[in-house]
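Asks: Below you will find the structure I want to go over with you.
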Amino acid sequence: MSHASDLIETDIERYLKQHEHKDLLRFITCGSVDDGKSTFIGRLLHDSALVYEDQLAAVRQDSTRYGTTGDDVDLALLVDGLQSEREQGITIDVAYRYFSTDRRKFIIADTPGHEQYTRNMATGASTAQLAVILVDARHGVQVQTRRHSYICALLGIRHVLLAVNKMDLVDWDQGTFEAIRDEYTAFARRLGIPDVRCVPLSALKGDNVVHRGEHLPWYDGPTLMELLETVEAKADRNLRDLRLPVQTVVRPSHDFRGFAGTLAAGTVRPGDEVVALPSGLRSRVARIVTYDGDLDVAFPPQSVTVTLTDEIDVSRGDVLASPTHPATVDDTLDARIVWMAEQPLLPGRQYDIKLGTATVPAVVERIHHRIDVNTLEHHQVEELGLNEIGLCRVQLSARVPFDPYDEIANTGSFIVIDRMSLHTVGAGMVTRAATEAAGAETDVPRRRLALSKAQRAGQKGQRPCIVWLTGLSGSGKSSLANALEQALFRRGYHSYLIDAGNVRHGLSHDLDFSRDARAENIRRMAETATMFVDAGLITVCASLSPYRDDRAMVRERVEPGEFIEVHVDATIDACRAADLDGLYARADAGEIQGLPGVDIPYEAPEQPEVRVDTVAEDLETSVRKILTALEERGVLR
Ligand SMILES: Nc1ncnc2c1ncn2[C@@H]1O[C@H](COP(=O)(O)OS(=O)(=O)O)[C@@H](OP(=O)(O)O)[C@H]1O
Ligand SMILES: Nc1ncnc2c1ncn2[C@@H]1O[C@H](COP(=O)(O)OP(=O)(O)O)[C@@H](O)[C@H]1O
């Protein structure tokens, strides 16, 4: 038994202190018993030496987050799992295991692979930063592998480790591994998962799980454990837009009124202005109270109680948010719903929806389409069956605060509860407010088109998508977009080019370059592009689109993998030096305002699908880079 685990018995406080500053990675393991999952987890825990005793420390961590026993360890959490489940009286079959190495602490959400797996998987994946997806080297990528990957992508997991297990049963064959790796990498790219690593291993023999072993000399990459210890997952958190869903109003006496909850996003400091949603009332943070004394600043996922400088009305289910980037407040939303019950999801039926700390009755007004996880095609359906995934319009009985899931997962996801059985029957990820989708509230019923996107695209023999070129003025978007479209045309693909410069003369002629007008311009371009995608076309868009939020909004309108963001990167000096349209000179002379890179920022994409450097590369090289990315994503043959 290791030194650290001895400490648990002799001096728990010292043990916890030692581990306090190590960063924590939550991950999920996906795969079935047949894929060797139990052996894999056993091997991971066994070879990393620190086994089950450490669960105590995990419980201690969850206790401070969710528990009710103050500084003491809430042992009930050991048996009960997560608080949100406990509150609903739902038992979901997810085992949370804890272990740690010298470099990191880990929580594994282990979900059984039986037929109800989607429910378990979605629950486990909803708090995970990374997924380990197991495949059996003898069978390779299966339907279930694709389904798991799709759900991981939906839930915003950005790091996937594909564990190609049972290499011993294929004679440690390099070719077998490489074929699986290539097939999977291509599929994951189509889903838009940015970070995918594949490791050949044998959980049974131990090779490449924690220790390298001796059977795979041709593999010189990291072991699975090395990847788990080093994957950089912290940057995935949203620390900008404050969201504090209020779990409880704490009122021990007349002179104290605090709002307690777990920070879902953003940071909070005393003195910060906050807006309470849905009311819209504003106040400032007076104190951030915790069991260990007042804080100067708090980050997610800390549990805090804040007090405000004004007596405004805030209750459970409300969200305290940043006034500059507040959550959407609406009573209709579009969401991708993973259905987890035998009884199908039926439009028109009443369910309860638990979103953040709010629970409201709701109906699914309609199912826009069901998504085939194998082909990623859309199908028109009247209901969703067990394990199926669909994009749905949800009508809530009250206006509640929420966010798109890919911006803030905690306030962008919900569970669907059957009102009779109180079982969780679905999990939803918000794509956007439905009124946003419609532009404005309208009574006009939607018309269902007889022909589907799949049919239209099928006729053209291609996979439609949006290729979105963003970059400073003069960086090369228009030139590149035209060259790209010509290359596509020559290869026989059907495409269209939407250049903002033209849109501004027609569709957006009424808009200026203010923050809101840019958002509206991009919404119109996105709406048009989505129609072209629906028509089966590869749609190239060239738009300055300097704000990340606006680009994220476009990404959200299409399926995972259908939005390919290209950062057309050039230094501001290079753009200024060329100044083809004289815009920079006019901005310097004060004749125009709001030019990105001059008097407003350009928010460069953090993880674009493609980055081209138009200062260093010639046009042809940049075009080739984009074509390669499209090939890798299965858009081009
Ligand atoms: N502030 C300001 N004032 C005057 N003109 C401006 C301003 N910002 C942009 N432009 C010009 O408008 C072109 C299209 O901009 P976009 O529609 O792509 O901008 S945005 O996406 O809506 O942010 C844009 O095209 P490109 O130069 O090709 O980027 C510019 O020519
Ligand atoms: N790799 C490249 N990709 C695109 N444009 C390039 C590249 N290298 C040089 N250029 C030149 O940069 C200029 C970019 O202008 P333009 O396409 O109008 O930019 P934007 O549309 O971003 O304002 C053009 O003169 C183009 O020929």
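Quick reminder: no glycine exception, Cβ is built from N, Cα and C everywhere.
This is the feature table in TrEMBL:
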| type | residues | note |
| --- | --- | --- |
| DOMAIN | 22-239 | domain 'Tr-type G' |
| BINDING | 31-38, 110-114, 165-168 | GTP binding site |
| BINDING | G471, L472, S473, G474, S475, G476, K477, S478 | ATP binding site |
| ACT_SITE | S545 | active site, phosphoserine intermediate |
Asks: Round to a whole number and give the Cα-to-Cα distance in Å for the pair G474 (ATP binding site) and S545 (active site, phosphoserine intermediate).
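Replies: G474 (ATP binding site) and S545 (active site, phosphoserine intermediate) have their Cα atoms 13 Å apart.
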Asks: Measure from the CA atom of S545 (active site, phosphoserine intermediate) to the CA atom of G476 (ATP binding site) and give the result in Å, rounded to a whole number.
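Replies: Counting only the Cα atoms, the answer is 14 Å.
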Asks: Please tell me which one of the recorded positions listed here (G31, D34, M167, S545) sits closest to S475 (ATP binding site), measuring Cα to Cα?
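Replies: Of all the candidates listed, S545 is nearest in space.
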Asks: Of these binding-site residues, K37, K477, which scores lowest on Cβ atoms within 10 Å?
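Replies: Least crowded of the binding-site residues K37, K477, by Cβ count within 10 Å, is K37.
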Asks: Taking ligand 2 as the reference and 6 angstroms as the Cβ limit (strictly under), which recorded positions among G31, K37, M167, L472, S545 are close?
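Replies: Correct list: empty, so none.
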Asks: Which one is closest to D34 (GTP binding site) in space, judged by CA to CA distance, out of the recorded positions S473, S478, S545?
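Replies: The smallest Cα gap between D34 (GTP binding site) and any of the recorded positions is with S545.
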Asks: Drop a 10 Å sphere on every Cβ of the recorded positions S473, S475, S478, S545 and tell me which sphere holds the fewest other Cβ atoms.
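Replies: Minimum Cβ neighbour count within 10 Å, taken over the recorded positions S473, S475, S478, S545, occurs at S478.
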Asks: So what pLDDT does the domain 'Tr-type G' (22-239) average out to?
Replies: 76
Asks: List the other residues in this chain whose Cβ sits within 8 Å of the Cβ centroid of the ATP site residues G471, L472, S473, G474, S475, G476, K477, S478, in sequence order.
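Replies: Result: L544, V568, A570, C575, T614.
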Asks: If one measures from the C-alpha of K477 (ATP binding site) to the C-alpha of S545 (active site, phosphoserine intermediate), what distance in angstrom results, rounded to a whole number?
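Replies: About 11 Å separate the Cα atoms of these two residues.
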Asks: Near ligand 1, which of the binding-site residues D34, K37, G471, L472, S473 have CB less than 6 Å from any of its atoms?
Replies: S473
Asks: At the level of the C-alpha atoms, what whole-angstrom distance separates S473 (ATP binding site) and G31 (GTP binding site)?
Replies: 47
Asks: Out of M167, L472, which of the binding-site residues has the smallest number of neighbouring Cβ atoms within 10 Å?
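Replies: Among the binding-site residues M167, L472, the lowest count of other Cβ atoms within 10 Å belongs to L472.
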Asks: Taking the Cβ of each of the binding-site residues and counting other Cβ atoms inside 10 Å, which one has the highest number: G31, G471, G474, G476?
Replies: G471
Asks: Report, in whole Å, the straight Cα-to-Cα distance of S478 (ATP binding site) from G31 (GTP binding site).
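Replies: For G31 (GTP binding site) versus S478 (ATP binding site), the Cα atoms are 45 Å apart.
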